[in-house]
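As annotated by Swiss-Prot, transmembrane segment applies to 33-53, 77-98, 113-133, 178-198, 226-246, 288-308, 320-340, 347-367, with the evidence given as similarity to another entry. Swiss-Prot lists H83, H182 with the feature heme b b562 binding site, giving similarity to another entry as the kind of evidence. Residues or ranges marked as heme b b566 binding site by Swiss-Prot: H97, H196. Sequence annotations record features per position, and here Swiss-Prot assigns ubiquinone binding site to H201 based on similarity to another entry.
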Amino acid sequence: MTNIRKSHPLMKIINSSFIDLPAPSNISSWWNFGSLLGICLALQILTGLFLAMHYTSDTATAFNSVTHICRDVNYGWVLRYMHANGASMFFICLYLHVGRGLYYGSYMYTETWNIGVILLFAVMATAFMGYVLPWGQMSFWGATVITNLLSAIPYIGTDLVEWIWGGFSVDKATLTRFFAFHFLLPFIIAAMVMVHLLFLHETGSNNPTGIPSNADMIPFHPYYTIKDILGLLLMITALLMLVLFSPDMLGDPDNYTPANPLNTPPHIKPEWYFLFAYAILRSIPNKLGGVLALVLSILILIIVPLLHTSKQRSMTFRPLSQCLFWLLAADLFTLTWIGGQPVEHPYVIIGQLASILYLSIIILLMPLTSLMENHLLKW
């Protein structure tokens, strides 16, 4: 008799995706982040669902409902901080996952890569809308500033902003629709993750060498299930340390002040995971130019496969490209730091230089270095 996991219509799909899936024998811990992201998404949906049971999306009661969750709901504070810091873990895993893709040339699987970039945009949109929900000062002003950027679009900008707001300012209608979309998007993301995996399983995983590994594959279970569990334990440990010891470390103190349209906070800034893009936005003095740079800072990932000029897929054996990659990583840390600083000298010029460097590494320096490496290897 055939094993049920190989014959049952539903079990068959799970089996071919997570159990008998052929995987390269040499993939490192950098390949753990895909499964960690799946777990992060599940955790966010679960904690978010329970938070939504107690949250009210009304300007008069939103702030108090979050306070009520923390004070009166059984383990409500755990739910709230798991959800808030879970988002931070989500983005740490996301950025490491994208970084892995850039380093090892995984972007050559263009369908998987492009769906991944769309997923990145969707997660960023979800996180932004979630940040508005507690209706603190930074929630309100963050929503006002970021949505107002759309007014830079010629001709339709102002109408578009008022349409998104549902009025002439960020108000009751805005909060309600942001809650609706914040609840809906994670399920759309989950569906897109399925498509992401579907395309990945068409080609199979890449590996650190960048060389096809069809001749040397091992089953996903038990080898990579146990390896993923180790990654999961480390991530859960980090998350619990954050939630139980310093839950507000990554948040903004201004968000403990209820939203007040008449009082602007001295420094309006988003959560830490958006600071690099915020720094790029601020480094251009023109409003429309800044908005375009902001979108391009992420959208640039779409054209990375087109800019691949090397005859090798991975950076494992390309020391010059490795230097550029780590320069790019350092540049992103610099941009993140600048995004959290006030708009004054010397932060402005540092931000502008870091923004120019970010774009030039990806568009210009990486492809040129790859060509040079080809030449050095007489290819």
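Positions of Cβ are set from backbone N, Cα and C atoms, glycine also.
Taking the C-alpha atom of H97 (heme b b566 binding site) as reference, the shortest distance to any of the binding-site residues H83, H182, H201 belongs to H201. Away from its own ends, the transmembrane segment (347-367) comes close to residues 279-280, 282-284, 293, 296-297, 300, 304, 307-309, 321, 324, 327-328, 331-332, 334-335, 338-339, 341 of its chain (Cβ-Cβ under 8 Å, at least six residues beyond either end). Long-range neighbours of the transmembrane segment (77-98) within the same chain, counting only residues 6 or more positions beyond its ends whose Cβ lies under 8 Å from a Cβ of the stretch, are 30, 33-34, 36-37, 40-41, 43-44, 47-48, 50-51, 66, 69-71, 116, 120, 123, 127, 130, 235, 238-239, 242-243, 247, 250-251, 271-273, 301. Comparison of 33-53, 288-308, 320-340 by number of C-beta pairs under 8 angstroms to the transmembrane segment (113-133) places 288-308 first. Less than 8 angstroms from the CB of H201 (ubiquinone binding site) sit S16, S17, L21, each of them six or more residues away in the same chain. Long-range Cβ neighbours of H83 (heme b b562 binding site) (same chain, at least 6 residues apart, Cβ-Cβ under 8 Å): Q44, T47, G48, L51. Long-range neighbours of H182 (heme b b562 binding site) (same chain, six or more residues apart, CB within less than 8 Å of its CB): G48, T126, M129, G130, L133. The most crowded of the binding-site residues listed here (H97, H196) is H196, judged by how many other CB atoms sit within 10 Å of its own CB. Secondary structure at H182 (heme b b562 binding site), taken from DSSP and collapsed to helix, strand or coil, is helix.
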